[in-house]
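Asker: Sending over a structure as C-alpha cells; questions will come in a sec.
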C-alpha cells in the first residue's frame, strides 16, 4: 500500500514552518490583528514562521500608495492597510496567502523575496496548465497576451523588523464584477481574470496542496539569493 501523500501542514512542518488553512471566511480586521501579533512574536523569537491561507468576505483594501480617485464605487467595506501597493479587492473565490517569514534567516532582500514569491505562484499555476508570468514594472501575476492579457494574482507585502506581513491573492473563482469598484492596483488599462474564467476549476484545497509542493523550491530561492549576496 502506498503511503498517503503528505498534507500541506506536514510539508511545511518538515521545513520548520507552520501552515494554517481556514475553512470559514475570516474578517479582515481579525486577520490583520492575528498577522501582526504573529509577526511580532516571530521577530522576538517566540513563534515559528507561518503561512496562513484564508478567504475574506467581499472588501477592498487600500495600500500605502492608494489614490482615492481609484476607489470608483465603494460598494464593500474599505480598509486601509500597511502593505505596499494601491487598491485591491478580496472576496469569496480568492485564495489569499499571508506570509509571516523571517528575512533575518532567509536574507534581508525584499526584492528577492517578492521575485521568489512571484515565481512560487507562477510555478503553482503552471501545475494547472495556466501559463502565468511576472511583468517588469507591474507587480502581480499575469496571464495571456495582447487583448487577452489580464491579472490573475495580486501581491502586496510589508516588512517589519525583517519579518514579512501580508502576501498574495490568487483569483480562483471570484465574482470578477466586484473588481469594478476600484482601479485594481492602479492599472486601468488591464483586465482581471481568474482560473475559472480560463476554464480551470481549482478548489482552495487543491491549490493549497500544489502550493505546498512548491514551498521548498520557493524557500531555497530565498536562501540562494541570500548566499549570493554574502
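Heads up, residue numbers simply count up from 1 along the chain you see.
Placement of Cβ uses the backbone N, Cα and C atoms for every residue, glycine included.
Here's the feature list from TrEMBL:
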DOMAIN    45-223  domain 'BPL/LPL catalytic'
BINDING   83, 84, 85, 86, 87, 88, 89, 90, 154, 155, 156, 167, 168, 169  substrate binding site
SITE      151  site 'Lowers pKa of active site Cys'
ACT_SITE  185  active site, acyl-thioester intermediate
Asker: Could you measure between residue 87 (substrate binding site) and residue 151 (site 'Lowers pKa of active site Cys') for me? Cα positions, answer in whole angstrom.
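Answerer: Per the Cα atoms, residue 87 (substrate binding site) and residue 151 (site 'Lowers pKa of active site Cys') stand 14 Å apart.
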Asker: Are there any residues in the same chain, six or more apart in sequence, whose C-beta is under 8 angstroms from the C-beta of residue 83 (substrate binding site), and if so which?
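Answerer: When sequence neighbours closer than 6 are ignored, residue 83 (substrate binding site) has 61, 63, 64, 156, 157, 158, 165, 166 within Cβ distance under 8 Å.
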Asker: Using Cα coordinates, what distance in whole Å links residue 151 (site 'Lowers pKa of active site Cys') and residue 168 (substrate binding site)?
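Answerer: Residue 168 (substrate binding site) has its Cα 13 Å from the Cα of residue 151 (site 'Lowers pKa of active site Cys').
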Asker: Mean pLDDT over the domain 'BPL/LPL catalytic' (45-223): what is the value?
Answerer: 94
Asker: What does DSSP assign residue 85 (substrate binding site), in three states?
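Answerer: DSSP assigns residue 85 (substrate binding site) to coil.
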Asker: Cβ-Cβ under 8 Å from residue 168 (substrate binding site), same chain, 6 or more residues apart: which ones?
Answerer: 96, 97, 99, 117, 121, 141, 153, 154, 155, 156
Asker: Across all chains shown, how many C-beta atoms besides its own are within 10 angstroms of the C-beta of residue 156 (substrate binding site)?
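Answerer: Result for residue 156 (substrate binding site): 24 other Cβ atoms within 10 Å.
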